[in-house]
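Beneath this line is the structure, given in structure tokens, with notes to follow.
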């Protein structure tokens, strides 16, 4: 599975084009940028530089976002939008970091063959060259806190269960 994820990330890093600007609105609501459907026209060296620049920009924007939240108590819809923006910035930071690291290893390996790139990646990972371990989308991981949980209080019977009698 890790090999499969690594290969998908390498190919995505090679062909990903910069996102389009987010939709314009009269509201101050956060909107994600639109991802293009066409492959990039940049060389792989230019792709690495672009991914590294986007990584730097995402880190900066995330710091600014968190600094703006200090001391603020947002509620409801505003709090949810702030949480969504932070999650988006974290994901993009991780994505650009992964793409830049994978492309650097691919360029260093000097091959288009994914087997060769994967072997170079395994070797780079064993030397701790800042190559992130491959992972799938965080949206695929179960969110434990959002799963419903049953609450039980000691030996008290649950409503609707047991003999059908209600407590006085």
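Just so it is clear, glycine is given a Cβ too, placed from its N, Cα and C backbone atoms.
TrEMBL entries are annotated by machine, without manual review.
Your range for coiled coil, going by TrEMBL and the list 13-40, 41-68, is 41-68. Per-residue confidence over the coiled coil (41-68) averages out at a pLDDT of 90.
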